[in-house]
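Annotated features in TrEMBL:
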- 112-131: transmembrane segment (TRANSMEM)
- 164-184: transmembrane segment (TRANSMEM)
- 196-217: transmembrane segment (TRANSMEM)
- 253-270: transmembrane segment (TRANSMEM)
- 277-298: transmembrane segment (TRANSMEM)
- 310-330: transmembrane segment (TRANSMEM)
- 337-357: transmembrane segment (TRANSMEM)
- 377-401: transmembrane segment (TRANSMEM)
- 413-434: transmembrane segment (TRANSMEM)
- 440-457: transmembrane segment (TRANSMEM)
- 469-488: transmembrane segment (TRANSMEM)
Amino acid sequence: MGRDLCVGNGFCAKSNKKWEGFEKYINEAVLNSVIGRFFKLDARKSCFTKELRAATTTFLTMLYIITINASVIADSGGRCSAADCSPPGGADCVLKPNPGYEKCLAQLKKDLIVGTALSSFVGSVAMGLFANLPFGLAPGMGSNAYLAYNLVGFHGSGPMLYETALAVVLVEGAAFLLIAVLGLRAKLARLIPTPVRLACAGGIGLFIAFTGLQSHLGLGLVGPDSSTLLTLTGCRVTDPTTGQCVEGTMQSPTLWLGLVGLLIISYGLMKNIKGSMIYGILFVTFISWFRGTSVTYFPHTIIGDASYDYFKKVVDFHMIKSTAGAISFAHFNTSHVWVALVTLLYVDVLATTGTLYTMAEVGNFIDDKGSFEGEYAAYMVDASSTIVGSALGVSPIATFIESTAGIQEGGRTGLTAVIIGIYFLLSLFFTPLMTSVPPWAIGPGLIVVGVLMMKVVKEIDWSNMKEAMPAFITIILMPLTYSISNGIIGGIGFYVALSLYDYGVTIIKWLIKMRRTVIREENQVIAVAVPDNEV
């Protein structure tokens, strides 16, 4: 039973009998309450403290999206324009340092932080309540960059306005919802060949780990190289433009601090200490908050001082002023809009569906028929959240692959997702703290998630090249092209190509069989007709 699996495994339970008794009391109370029955805690062999640990782990690994998403979309300029520039202004003032325009961008970023947190709250809570699955939702990485740099362009230099781009996101979300309501998304998902579906877990695991190894959202162990494209970095000094190593390979203090966090998480998992990812992330984060050290997240620079001043507020709340309801269909009927609509829809159908199935595989939610409980509702929640996100001024909402971190911590029900949503809601009031978790604290968690997701790969029949090749193509393309959808498309395409021989043989056999049938019928007709002629 679920209640028997929730006591005596945590660090606190081993060191404090009183805590063990309190934990058991809380779990029993929630298990027998309306909440426990609604989320089926006993049936799924889970408990409140396990779901809480899982939600905390997932939230900490997703936390980066609050600032990263706001920063990426803010690069588009949002609703800021040349009219916001300080004198003398000019049409090109948005592309140059300008106090007035930068002030508008700062306001925009705060709006987007609130929009990101609110849309994540709505999506995650809805996933928990309606689908009863432990998946966290937030604006997806990739689609936000597509909106900012391909559609609107840097500081509005692209082919469409920010308001028009949000209208595209709204329509795409509505189309996605229609596909989900009609049940077409589940049918499309089942068309994904089994080896490709299994390989998605490994590919996404490498994708996550690769992200955790880079400097933008991780340790900074690997980075760009002019000759080999990618190389070992961890440098003390890097080129701010190219990101290439200037000097001091493997001498970055933050890299070594992050590796200590990775060891803490790994050792905790090795010893089956619950909440290991939380301990590792919090340890690195806490050390990084001290100023005057080589690993501080707040160096004595203009940006560092500003970040530290904001961090010291601890509690802060901001009301959205410009991004909510910024949708406009005034310039909707253009070729750029329709191309963007199709692109976003195809990314959602393939990437998000693949991600959902992968996490269901990792959590052992998939049944013999290839479906999982709450699947239909999960698809609709995922699509509906995108509509909510567009109304708040952010990019399409996606089910986050970081949710696997919580699944590995024992999350099995929608209670995990609801708690994740509550964390996002609370982050609206503690944004200074939430936005001060350094990337080298998040990276170790992402790497460990990648390791844990690789176990599904053993179910692939590597001795059968018809399964092995599509699976390998899927796995290798995801991290190397930095796209989940590219991996799925490549795997499916290769599977279909390898299946053409079997299809051709089947068709030829069918034609031969039909020919024999026709000849047999003709012979029977002739045999019957001969006596009639004789008469």
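For all residues, glycine too, the Cβ spot is worked out from N, Cα and C.
The transmembrane segment (469-488) makes contact with the transmembrane segment (196-217): 3 or more of their CB pairs lie within 8 A, with pairs spaced 6 or more apart in sequence.
Comparison of 112-131, 164-184, 277-298, 337-357, 413-434 by number of C-beta pairs under 8 angstroms to the transmembrane segment (253-270) places 277-298 first. Contact counts against the transmembrane segment (196-217), taken as Cβ pairs under 8 Å, peak for 377-401 among the stretches 112-131, 164-184, 277-298, 310-330, 377-401. Of the ranges 164-184, 277-298, 310-330, 337-357, 413-434, the one with the most Cβ pairs under 8 Å to the transmembrane segment (112-131) is 413-434. In summary, the transmembrane segment (377-401) does not lie against the transmembrane segment (413-434): fewer than three C-beta pairs, each 6 or more positions apart in sequence, are under 8 Å. A Cβ distance under 8 Å defines the sequence-distant neighbours of the transmembrane segment (440-457), meaning residues of its chain 6+ beyond its ends; these are 57, 60-61, 63-64, 198-199, 201-202, 204-213, 217-220, 254-255, 257-259, 261-262, 264-266, 269, 277, 280-282, 284-285, 288, 295, 358, 361-362, 401-402, 404-405, 408, 471, 475. The list of residues near the transmembrane segment (413-434) in space but at least 6 beyond its ends in sequence, with Cβ under 8 angstroms from a Cβ of it, reads 35, 39-41, 44, 46, 48, 51-52, 54-56, 58-59, 62-63, 66, 113-114, 117-118, 120-125, 127-138, 310-318, 374, 406. If one looks beyond the transmembrane segment (310-330) by at least 6 residues along the same chain, the residues whose Cβ comes under 8 Å of a Cβ in the stretch are 78-79, 107-108, 110-115, 161-164, 166-167, 170, 289, 298, 390-394, 428-433, 435-436.
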